[in-house]
């Protein structure tokens with residue numbers, strides 16, 4: 001409230017009450033007792049955003065469209081308040097993104113320096129987000145406030161990306177919710193939300209181990225029903241354990257990584273490399289050792305295909321196959337894993353920003 005009051009003062013340029021341009025009839029109420037009652041004679045405010053999702057990817061700039069109008073049209077541009085907020089996956093309080101009055105705006109939290117209102121036309125209230133982050137994926141509310149009028153609409157920002165299951169080196173079902181958040185972040189990813197997992201399932205993801213999602217639920221995608229995965233009589237779909245205790249319960253994680261701003265490439269030596277030698281080789285090439293999220297993204301979006309296994313930053317050894325062929329694993333495309341070998345010499349996958 002204090003912030004909003006400050007914004008109102010800044011936008012109006014004075015300490016007089018904020019005037020929104022609407023007109024009111026000031027008449028006596030029906031009780032005839034001398035008390036006043038306000039009746040609103042203004043126009044109806046309509047707010048509209050895109051009905052289709054807006055697609056983007058990590059590191060890009062994106063505009064979420066929002067326009068408003070009055071019915072009937074009130075003509076001249078009016079001083080109104082615009083507020084954008086992000087709806088949370090777990091249905092808790094909305095996250096403030098930016099508030100603007102006139103040319104004055106304030107961005108909040110992680111959106112500071114990255115979010116502003118684009119007002120190229122008279123009734124535009126679009127949101128521009130620069131350097132899109134993985135956590136920016138989700139639904140956003142555009143709210144326009146003019147005096148007693150307060151209308152809003154919601155637009156869906158969807159990042160192009162890939163969901164991958166993740167187990168840490170010490171084995172299956174070892175992560176509580178907060179640890180799952182951290183391991184995804186360590187791999188250049190974030191915990192996936194339900195919509196992302198559902199999209200991955202519709203594209204063929206089949207995984208029998210349960211994993212955390214961003215809303216604190218535990219679920220897993222099944223394409224081929226089988227006994228260890230809920231039974232053969234259940235239909236294909238997303239199996240859910242529902243919300244779990246975020247500190248006490250332990251599962252795997254479903255991570256989400258977006259399209260890359262850089263490139264993933266493979267390095268090797270005749271005798272292979274240890275993990276530490278692999279990290280140094282990437283540094284010598286002006287890069288860093290790739291994370292798991294980098295490898296999955298390069299496989300899906302850049303067509304990275306290598307039958308040679310390589311180290312990744314978490315100590316795992318994997319390789320991506322776009323075109324299955326003999327001696328390169330199963331007959332389906334995918335990222336193959338050798339687990340977390342304590343010994344052995346392999347090549348390495350490196351990641352370099354463009």
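Including glycine, each Cβ sits where the backbone N, Cα and C put it.
TrEMBL does not curate its annotations; it predicts them automatically.
Listed in TrEMBL for this protein:
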DISULFID  208-229  disulfide bond
DISULFID  307-328  disulfide bond
DOMAIN    43-155  domain 'Ig-like'
DOMAIN    162-257  domain 'Link'
DOMAIN    263-352  domain 'Link'
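Positions of TrEMBL features highlighted on the structure.
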residue: 208; record: disulfide bond; Cβ within 10 Å: 14
residue: 229; record: disulfide bond; Cβ within 10 Å: 19
residue: 307; record: disulfide bond; Cβ within 10 Å: 15
residue: 328; record: disulfide bond; Cβ within 10 Å: 15
Could you give the mean pLDDT over the domain 'Link' (263-352), rounded to a whole number? 97
Whole-number Å value for how far residue 328 (disulfide bond) lies from residue 208 (disulfide bond) (Cα to Cα): 23
